[in-house]
Amino acid sequence: MKWLLSLLLGFLLVAYLALVFYANRAVYGSRFDAEYWRDKYENSQWLLPQSKRGIGDDGVYLYQGHLLIRGGDPTLLNAEVPPLGKYAIGASLALFGNGQLYGFITTTAALIVFFFLTRTVLVNTTLAIATTLLVALDPLVTSQFALPMLESLQLLTLLLTIVLAILTLRLSSSKKQIIYILLTGLSLGLFSVSKFPLFTPIVGAPIVWFLWKKTRSSKFQFAPLFAIFSTAFLIGFLLPYLQYFRLGHTLFDWIGVQKWIVNFYRSANLKPSFGSMATTMLVGKLQNLFTHAWEPVPQWTPTWTVLLLVFPIVCARMWKRYTAMVAALVATVVLFNIIPFWTRYLVPLLPLLYLATIFFFAKTIKRLAPIAIAIILIFNAWTSYRVLFPTPETTVTQFLYNWQYGLFQDMYELTTDEVKTRMARDTFHRIGQTLYHDGQIEAVMIKPKPVAWNQWQSPQIVPLEITYITRNLGAFAQTTELPVVNVNGTWRIPWQWEFLVDGTDETKGLHSTVNLAKRGTITDKKKAAPVARDLDSWLVWVTPKDIDTSREDAMLQFLQGLFDKRVAAALFHLRYSQQPRDLPVALGVARVPLEDGAQKELLSYPGLTLTPAFYRWTEGEEAETAGYVGNTRFIECCSYLYNTTLYDGVSGWEKEYNEMLKGRNGGSLVIKDANGNIVRTILSVEKQDGQNVEL
């Protein structure tokens with residue numbers, strides 16, 4: 001009967017792996033686009049800290065794996081993260097043209113090794129398969145199957161190290177023991193370069209302890225075996241840096257890199273989230289390391305609560321017989337509770353907690369163990385079902401974020417194949433940015449209405465309220481119903497340009513005309529002199545394709561001085577770096593009069609042009625009383641786009657008399673077809689200068 005149960009559990013395990021592959025078939029079937037990921041990485045927060053174009057760790061490892069497998073220097077690419085995992089992801093890219101398959105391969109391999117570990121510890125094949133199935137069904141482990149992340153490889157090398165160590169300690173043959181101790185050291189070395197080796201001492205110390213105990217009562221000598229183990233460990237640790245040495249670096253250079261990695265983590269600004277690991281497992285709440293807000297953990301299952309509550313009992317029962325192993329587990333749990341913590345860090349720990357819990361069940365509640373295992377299987381299966389077959393909510397949220405910040409190349413990635421057949425990514429990006437450029441759209445606010453998300457219904461409709469804020473003519477709004485459809489298990493947007501602005505398409509675009517108005521002048525009665533007024537100035541534009549890259553840094557420093565350090569040079573670069581190369585980008589209004597010499601110097605930089613504008617002048621001892629104006633429509637991080645429509649008084653008299661002082665630019669925003677005919681008028685505004693105020 002046991003063999004039949006084992007066969008059934010084995011079938012369920014294989015069937016689940018097949019289901020995982022089926023659920024992620026679109027992900028595994030996609031092809032890596034090196035140019036897209038290069039552009040995304042180079043314009044992300046990793047290189048431009050203020051960038052809104054974020055890239056997750058999985059994207060970073062994917063792109064850097066691509067570079068490393070082609071001979072890149074591992075210490076120049078995200079050097080604080082050891083290179084083994086990135087090489088493995090790069091190998092997946094080289095072999096399959098897909099980095100996500102790495103996740104399936106490494107997680108599946110880890111489950112195979114875990115089965116051998118559980119079979120060795122539990123001495124029961126049926127129980128070993130059941131425990132492996134429990135781990136496979138764990139929602140966090142399930143999520144790793146389609147991710148190019150490092151935790152799955154860390155888990156694989158950890159389990160391999162433990163299995164090899166057990167085999168080493170059980171052998172009596174000196175020849176075989178030498179081979180296995182060598183493999184154990186090599187595996188521990190690879191484990192240590194799968195991620196930052198914080199847990200290497202915790203894993204290595206019990207191995208050395210057991211090795212020392214074994215040699216005390218046998219013919220083997222501890223020193224030679226320890227030397228073999230240490231040498232193999234060093235080889236495993238150095239192996240992923242082989243290309244680094246091939247590029248001409250020395251061992252001393254490598255030691256310097258390791259010092260830098262240690263200092264990087266010591267000086268990191270992330271504050272420890274004390275107890276966050278415990279709350280994650282107990283109630284499914286994690287403290288975000290950046291916002292410090294408590295957030296729900298999507299992969300949480302009630303099983304985690306059981307694992308953590310049972311853990312102290314397991315430790316107490318197993319302490320005398322398995323002191324070193326229990327101490328290692330306790331140290332790991334404590335460490336996780338005092339370091340900056342993300343949920344995925346649990347991946348290497350969870351299988352060991354499952355093993356310890358099932359071992360405890362098998363020893364203490366033999367009759368109830370099958371029922372407990374069945375209940376845990378049900379909990380895990382239900383949560384993993386939601387991980388494998390999610391609702392469109394995450395896709396829609398990301399799509400709307402990209403839309404809001406004009407990241408059309410990233411929006412394109414979430415569209416249907418029909419859209420991608422109709423146009424290339426560059427074309428899609430250009431159409432979107434051209435609409436924003438010609439409509440002078442500077443900010444977008446999108447408010448989705450509540451939706452009853454469904455995992456299977458396709459299509460689903462998301463009602464949106466969208467507000468666009470233009471640079472000179474104020475805001476306009478529209479409502480849109482955005483569809484989302486399921487394509488091979490992934491949610492995609494069947495995009496049409498009318499969703500962006502009603503009436504536009506590939507042939508119909510936006511056109512703006514502007515007649516600039518002035519904000520009113522504030523005059524001091526006593527001095528009979530103005531203390532705040534609009535003066536003639538220039539709006540500075542840059543056309544990216546015309547920039548002389550050899551002079552770009554000098555250009556940016558000149559602009560920084562021109563704008564009175566209100567915007568750092570790096571932020572100016574951020575404003576135009578992701579735009580189509582031939583579209584001019586407005587940087588800001590010069591806040592000081594541009595004399596002929598200054599204009600000549602500015603225009604000497606290729607790519608810079610000027611158009612007439614006004615700037616708000618205020619200075620002297622009355623400046624604080626007069627007050628200041630600011631952009632009250634949206635936050636400007638990378639520009640200074642002063643005009644009377646966009647800016648309001650934010651302090652002093654400017655704020656007190658804002659309604660009188662405020663003017664309104666005139667002009668229109670229309671949609672034109674390919675022949676220049678107006679097909680729709682969106683905004684039509686009459687120019688109105690602000691009133692002067694005498695105080």
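Heads up, the Cβ atoms here are built off N, Cα and C, so glycines get one too.
All TrEMBL annotations are machine predictions without curation.
Source: prediction; values computed, not measured.
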Range among 125-147, 585-607 that TrEMBL annotates as transmembrane segment: 125-147
Residues of the domain 'NTF2-like N-terminal transpeptidase' (391-500) by DSSP state, where helix covers H, G and I: 41 helix, 37 strand, 32 coil
Proximity of the transmembrane segment (153-171) to the transmembrane segment (345-362), 3+ C-beta pairs under 8 angstroms: yes
Stretch among 101-118, 322-339, 345-362, 369-388 sharing the most Cβ pairs under 8 Å with the transmembrane segment (178-200): 322-339
Feature contact check the transmembrane segment (345-362) with the transmembrane segment (322-339), CB under 8 Å, 3 or more pairs: yes
Mean of pLDDT values spanning the domain 'Penicillin-binding protein dimerisation' (517-682): 89
Distant-in-sequence neighbours of the transmembrane segment (345-362), which means Cβ under 8 A and at least six residues beyond its ends: 110, 114, 117-118, 121-122, 124, 127, 130-131, 134-135, 138, 140-141, 144, 151-152, 154-155, 158-159, 199, 277, 280-281, 304, 306-308, 310-311, 313-314, 317-318, 329, 332-333, 336, 368-369, 372-373
